[in-house]
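The following features are taken from Swiss-Prot:
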- HIS22: active site, proton acceptor (ACT_SITE)
- TYR17, TYR68, ASN70, ASN116: tRNA binding site (BINDING)
- ASN12: site 'Discriminates between blocked and unblocked aminoacyl-tRNA' (SITE)
- ASP95: site 'Stabilizes the basic form of H active site to accept a proton' (SITE)
Amino acid sequence: MAEPLLVVGLGNPGENYARTRHNLGFMVADLLAARLGAKFKVHKRSGAEVVTGRLAQRSVVLAKPRCYMNESGRQVAPLAKFYSVPPADLIVIHDELDLDFGRIRLKFGGGEGGHNGLRSVAAALGTKNFQRVRIGIGRPPGRKDPATFVLENFSSPERPEVPTICEQAADATELLVEVGLEPAQNRVHAW
C-alpha cells in the first residue's frame, strides 16, 4: 500500500486571522476536511491539527499548522517524518501574491516568492521540491506593504467570490491527488 500524501493548508491561527488573505490555505483545508466528513484533531508529536482519510481513493493526511505562518515548517517537517511522507509527496496549499485574485495554479518546487510560510517549510524539509496549490490574491494596490495586505480581510468586492475560489482550490487539490501534477496542471490551468 502506498504511503499517504501530506496535504497542508497554510495560515495563521486565531479568530483575528480567520478571514484574511493569508488564511486561504486554512480555508481550503477546512473545506477538504468537511468533504471527508472529519474534524481536525491535534497531532501530539507535531502540534498541528490533522485529519486522516481518503481523497480520490488515495490515503491522505490533511494538516493545518497551529503555529504562525512564518514558523509552519516546524510543524510540517515532524508530520512528514511521522507519516513517512517524502517532500515530493507533500502538497502545500497557500495564498499567492504573484497570481491575480482567484487564479489557481499548481507547481512543483521553485522559489517561495517572498512567502514566509513556504520559506519555513522549505527550510525545515531541507528542500523546495514539494507540490503547491497556489491561490491568487493579487498584488496590493498602490504602495501598500504586501505584509500588511496579506493580513487584511478580503475587500467587499472580493468577499463574495472567496467561497467559490476555495471550492475550486479544493477541487484542484483533489485532482492533483487523483491524477498527479502534470495531468492536473493541464486541466486546472485551463480553468
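Residue numbers in this text run from 1 along the chain shown.
A Cβ is built for glycine as well, from the same backbone N, Cα and C atoms used for every other residue.
Pairwise Cα distances among TYR17, TYR68, ASN70, ASN116, the recorded tRNA-binding residues, top out at 16 Å. Proximity of ASP95 (site 'Stabilizes the basic form of H active site to accept a proton') to non-local residues of its own chain (separation of 6 or more, Cβ distance below 8 Å) is seen for LEU10, ARG21, HIS22, ASN23, LEU24, GLY25, HIS115, ILE135, GLY136, ILE137, VAL150, given in sequence order. On the backbone, the CA of ASN12 (site 'Discriminates between blocked and unblocked aminoacyl-tRNA') and the CA of ASN70 (tRNA binding site) stand 9 Å apart. Annotation for the recorded positions ASN12, ASN70, ASN116: lowest Cβ count within 10 Å of the residue's own Cβ, ASN70.
Taking the mean position of the Cβ atoms of TYR17, TYR68, ASN70, ASN116 as the tRNA site, the remaining residues of that chain whose Cβ falls within 8 Å of it are ASN12, HIS22, CYS67, MET69, GLU71, SER72, GLY117. Most buried of the recorded positions TYR17, HIS22, TYR68, judged by other Cβ atoms within 10 Å, is HIS22. Secondary structure at ASP95 (site 'Stabilizes the basic form of H active site to accept a proton'), taken from DSSP and collapsed to helix, strand or coil, is strand.
A coil conformation is recorded for ASN12 (site 'Discriminates between blocked and unblocked aminoacyl-tRNA') in the three-state DSSP classification, outside any helix or strand.
A coil conformation is recorded for TYR68 (tRNA binding site) in the three-state DSSP classification, outside any helix or strand.
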